[in-house]
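Pulled from TrEMBL, these are the features on record:
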DOMAIN    41-124  domain 'Protein kinase'
BINDING   LYS70  ATP binding site
Amino acid sequence: MAAFLDKIGKIFNRGNNFGGDSKRKKVCHNIRFHENPEDYWEIIGELGDGAFGKVFKAQHKESGKLAAAKICELKGEDELEDFTVEIDILTECRHENIVELLEAFFYEEKLWMLIEFCGGGAVD
């Protein structure tokens, strides 16, 4: 458990900028920029609405793997920083009871988070 908490702590501390420029942008290593996710994924249905956008069922064009595509329309890269913590945590966490983040894209002012598809439906 301590190793897990250390990983989470490192994720949060990565963006600290003590004594530096407070307007510095966080580097998003886990997000693919300027690549159209529709070159890789095909939307095959709508799953529902989330707090920040719609969620679609998507299929990878080469492997056929299914994913839940959470697509959030943002006003720019500044709003993207709000989602980087979630993306970083999902990228670092590997456990059978945590959905896996397959890929993340920022393209044409939209954030695409492709998350492991769970066929059982929403938990709400």
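Just so you know, the numbers here start at 1 and follow the chain as drawn.
Including glycine, each Cβ sits where the backbone N, Cα and C put it.
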Nonlocal neighbours by CB distance (under 8 Å) for the residue listed as 'ATP binding site', same chain, sequence gap 6 or more:
GLY50, PHE52, GLY53, VAL55, TRP112, MET113, LEU114, ILE115
Mapped DSSP class for the residue listed as 'ATP binding site', helix or strand or coil:
strand
Tally of helix, strand and coil residues over the domain 'Protein kinase' (41-124) according to DSSP?
16 helix, 38 strand, 30 coil
So what's the mean pLDDT when you look at the domain 'Protein kinase' (41-124)?
89
